[in-house]
Amino acid sequence: MGSQIRAQIEAQLKQRILLIDGGMGTMIQGYKLQEQDYRGERFADWHSDLKGNNDLLVLTQPQLIKEIHHAYLEAGADILETNTFNATTIAMADYDMESLSEEINFAAARLAREAADEWTAQNPAKPRYVAGVLGPTNRTCSISPDVNDPGYRNVSFDELVEAYSESTRALIRGGSDLILIETIFDTLNAKACAFAVDSVFEELGFALPVMISGTITDASGRTLSGQTTEAFYNSLRHVRPISFGLNCALGPDELRPYVEELSRISETFVSTHPNAGLPNAFGEYDLSPEEMAEHVKEWAQSGFLNLIGGCCGTTPEHIRHMAMAVEGVSPRVLPEIPVACRLSGLEPLTIAKDTLFVNVGERTNVTGSARFKRLIKEELYDEALDVAREQVENGAQIIDINMDEGMLDAEACMVRFLNLCASEPEISKVPIMVDSSKWEVIEAGLKCIQGKGIVNSISLKEGKEKFVEQAKLIRRYGAAVIVMAFDEVGQADTRERKLEICTKAYRILVDEVGFPPEDVIFDPNIFAVATGIDEHNNYAVDFIEAVADIKRDLPHAMISGGVSNVSFSFRGNNYVREAIHAVFLYHCFKNGMDMGIVNAGQLEIYDNVPEKLREAVEDVVLNRRDDATERLLEIAEEYRENAVGKQEDASALEWRTWSVEKRLEHALVKGITEFIVEDTEEARLNASKPLEVIEGPLMDGMNVVGDLFGEGKMFLPQVVKSARVMKQAVAHLEPFINASKQAGSSNGKILLATVKGDVHDIGKNIVGVVLQCNNYEIIDLGVMVPCEQILKVAKEQQVDIIGLSGLITPSLDEMVHVAKEMERLGFDLPLLIGGATTSKAHTAVKIEQNYSHPVVYVNNASRAVGVCTSLLSDELRPAFVERLQADYELVRDQHNRKKPRTKPVTLEAARANKVAIDWQSYTPPAPSQPGVHVFDDFDVATLRQYIDWTPFFLTWSLVGKYPTIFEHEEVGEEAKRLFGDANEWLDRIEQEGLLKARGMCGLFPAASVGDDIEVYTDESRTHVAKVLHNLRQQTEKPKGANYCLSDYVAPKESGKKDWIGAFAVTGGVNERELADQFKAQGDDYNAIMIQAVADRLAEAFAEYLHERVRKEIWGYAADENLSNEELIREKYQGIRPAPGYPACPEHTEKGPLWELLNVEETIGMSLTSSYAMWPGASVSGWYFSHPDSRYFAIAQIQQDQVESYAERKGWDLLEAEKWLGPNING
């Protein structure tokens, strides 16, 4: 029965967008019913007021409800919702009508069924369906109604299950085709509802399709209980609904970004039924049917929708206009979502094959933390919450909670603590791992978490029947599961037994229970080593090897383990224990371990373990020698406790005798801050009001600065220093201005932002400073700013211009998105485009055509003032815009008519013309020091010697090559001053440790396979750790090869044992914090200086490390002796191409690099959603050693290569085109 209905509805959904009906309450209000209408004859003498009990009307006014159903069906609705929003026993208790719940649900379904059947009979080609509605109730299972007791709940999970079960049975008996769980503001309520619905389906022997619809309550983009859209989706994905959607609380305008997100992440059909706008001052909804239809049409055309309907304030007319709006528009096509474990707290956590190691915080476990156990025993729950909070702050992405202690009521403690965690967003943002050896404690915990958590753990030790029973319940609760390698015989202690038990459990879970394989997490048992018992010596090796076996044989399953178990023999010596954990995890991660239960605040870095200790630990962990335990014990005790001022002469201070107005001008032009506060105060005392100081001498001085800069007589570093002086003066005046309620005038208000996914902002900061110097008010939103935030702030602050910045190529697509959204939302502000990756051609061809108001490419800071002046001037703007549009038209025309200088070739032909290397006569050099090497807090004095200063001067718009720039007639003196300031900063960085440089590199066995490169786990070359995907030049090359990076690595079939290197370095640890401090002080000069110096240190680190790799670590050029200039000119053997740059332009290839090196866990560098590196002052890439290797640019590729790349990466074509866009021909 249920499967036939689902197949029928799915077939309809693939053909067209289906219509859900609109607001039931809105229509009932239109009848203006009185108390007696609600009572009817049956309830005439009921003891409480019944007006407002809309669900009761299915019994007292059935014809009225049926009339409303008919009106919606006539308007075009395909799906009718039953009038049961508040019909559960819990909600009906407000009227003392709990006993009527079943009858009301049945009657409501029957009324809707009759109406639907009448319309289906009239037109069988358009069948009508009934959705049995299960509303949210008036209670919240994950939020306390008592602000004084955040752990209190006024309804339990079990009470909700009981209420929803009764309603579900009645809705099905009454004739519902679907079950709609809607208006979900507390996800835990919805999980209880879904649990009830699935239980009833099992009881009845068939399942109806389930629709789920949540409610984003406000502009925060979260449900009332705090979840983001994706976290909410992950929490209920286990229901496998026919549709996932959003409804109520917001109108279509406000709801749009969340529907868009849902359409992107949902693997099932997407529905939405928004309100008719937001309620006005009288609680009424103002959005007309025509206006709402316009929104709906745009959503449909954007590919967001499969089902559309209405909620509060909507009527049959709204549905009629929606039906007309979506008629003929193709429904959203279901996307292919990569297989991944998708967990959630208040925020999502996706663990995919390219995710780095996941830390599970272990300190909220009474069996593993004496402090936590004491706090729970003494009922000091607030302090116990601090333990959880510390784990998250220290990097735990999941927290494991265990209350198994003989003197505790584990079930009560688990419930109390989880309820309190739910009230702490800093804790509850991460998923929860419910950990207990008692099934009743696990179930109690699952009934408290609204997100998708993990059960730790179940096993086969009590036999298959118990195992299956528990697994089915875990799946119904919507959790992932850890499965211990434990059966009736006992715990698996050998490699073979671990694989045998895990395979058996996997087949039962996946094949019989229907458990998603990506939600199965095996714990193959980590046992203590170095116990003195010979049989235990190989325990770590068995685990490490079993990890590789399980990852190979059991698709999508993950591996976890309690890491501290391995070092239990050394309890009391934390330093040695941490060293054992570091070594053990290093080898486990290389073999594919996904997560581990660890103390997130005490993870040691593998390469930071002293060499003597590390070697002894490796002997133990890898069981390399018979006396390994004795040797480690001998040295363990050694580690038990380890755990500018220049004196101004009289002539230089002559300006101090001038008038205060002239002193202020001089200070601004020269960038002198020493006397600015006292001079500003003197000027204030002389003025009739504080604002006169800004609009008088200060702006006069800044006008001089602007004129000198425009004439090329002042340079950018000087202008930034001037801005610092101006900001300090204004900061002194602001309290006086505020006190007198004065408001100054500016030339205009400009919003600047680095777009979502991008972390680079030096150029944006410089533009902001230059504009401030010319009396523009700047609102700087910083980096990684989402489109909706940019446009929201622009509206709220009523800005005059929006400026977007970005460095990496994915930022170009985000800029196009912002332009489209500005057009859709009716903005008429000018849009400025800037950043290293932008260009006039891209702006003209890709961005400007999506926005009908001025879009201006600004290629440097000095041009920004003139552009803004022209755009905001009534006199200058028309001519400026006319010239701009003519210029862009010319650029587009040239782009369209441009004949490629080179002829494209097929991918097959390009591959046939690969670099010709005689591999048989070449022996690839084996590295002297294979593996991963970490350089933490590296010596800045060493890096200074490798700095290439020429780009540093370009950052400040001083053009010239170092060191000859110092002799330049115009910019030489300023370059010298800038160079001096930079070196003073480098001195401070060395002496005070203000910036940290961290880096790492690794050398791995590798072989090329076509255009890709296989990187192996070890020198046996039997297991592939990662595949690096490369692009090949695809233009005709009569005299040369069509280069691809894989050409420089020995082919697999050659039998040659080649290697590849990877590196990641940063010079910017603490850079953002320092820069922000200076900005807060109004010191833009030093804020930009620290970023520029950090950038240079990162590039210098990359240069230094490559040299060291060539000479020592790989050692293929041990005799190399090059000057810094020769290094800059790349006179060495080998190359270090970086993902995102010409030879390998596709940014997602940074992901495998991060995983091979374990970058984020080891040195703290991370990747944004657009694969920009954080900190911004970072460099990463690959090392190739072949003497013929050279840099090249991929340039334009053809469709056949796009398709090949997509197939190799496991992407659909749209995903490939998104990331390869800048390189796709045409």
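Positions of Cβ are set from backbone N, Cα and C atoms, glycine also.
Positions annotated as domain 'Hcy-binding' by Swiss-Prot, on the basis of sequence analysis: 6-326. If you average pLDDT over the domain 'Hcy-binding' (6-326) in this model, you get 94.
As annotated by Swiss-Prot, Zn(2+) binding site applies to C248, C311, C312. Around C248 (Zn(2+) binding site), the C-beta neighbours below 8 angstroms that are at least 6 residues distant in the chain are E182, T183, T215, H273, P274, N275, C311, C312.
Sequence annotations record features per position, and here Swiss-Prot assigns domain 'Pterin-binding' to 357-618.
Residues or ranges marked as domain 'B12-binding N-terminal' by Swiss-Prot: 651-745.
According to Swiss-Prot, the methylcob(III)alamin binding site annotation covers E695, G757, D758, V759, H760, D761, S805, T809, A861, on the basis of similarity to another entry. DSSP assigns E695 (methylcob(III)alamin binding site) to a helical segment in the three-state reduction.
The domain 'B12-binding' annotation in Swiss-Prot covers 747-882, and the record cites sequence analysis as its basis.
Positions annotated as domain 'AdoMet activation' by Swiss-Prot: 898-1226.
Counting only same-chain residues six or more apart in sequence, the Cβ atoms lying under 8 angstroms from the Cβ of D948 (S-adenosyl-L-methionine binding site) belong to Y962, R1096, E1099, A1100, E1103, N1124, I1128. The S-adenosyl-L-methionine binding site annotation in Swiss-Prot covers D948, R1136, Y1191, F1192 and is backed by similarity to another entry.
Shown in sequence order, G23, T183, N247, A249, H273, P274, N275, G310, G313, T314 are the same-chain residues outside C248, C311, C312 whose Cβ sits within 8 Å of the Cβ centre of the Zn(2+) site. Contacts of F1192 (S-adenosyl-L-methionine binding site) defined by a Cβ separation under 8 A and a same-chain sequence distance of 6+ are given as Q1033, Y1043, P1142, A1143, in order along the sequence. Of the recorded residues, R1136 (S-adenosyl-L-methionine binding site) and H760 (methylcob(III)alamin binding site) place their C-alpha atoms 22 Å from one another.
All protein chains considered, the CB of Y1191 (S-adenosyl-L-methionine binding site) has 12 other CB atoms within 10 Å. The DSSP secondary structure for R1136 (S-adenosyl-L-methionine binding site) is coil. Each of the binding-site residues C311, C312 was scored by the number of other CB atoms within 10 A of its CB, and the lowest score belongs to C312.
For the recorded site, S805 (methylcob(III)alamin binding site), the DSSP three-state label reads strand.
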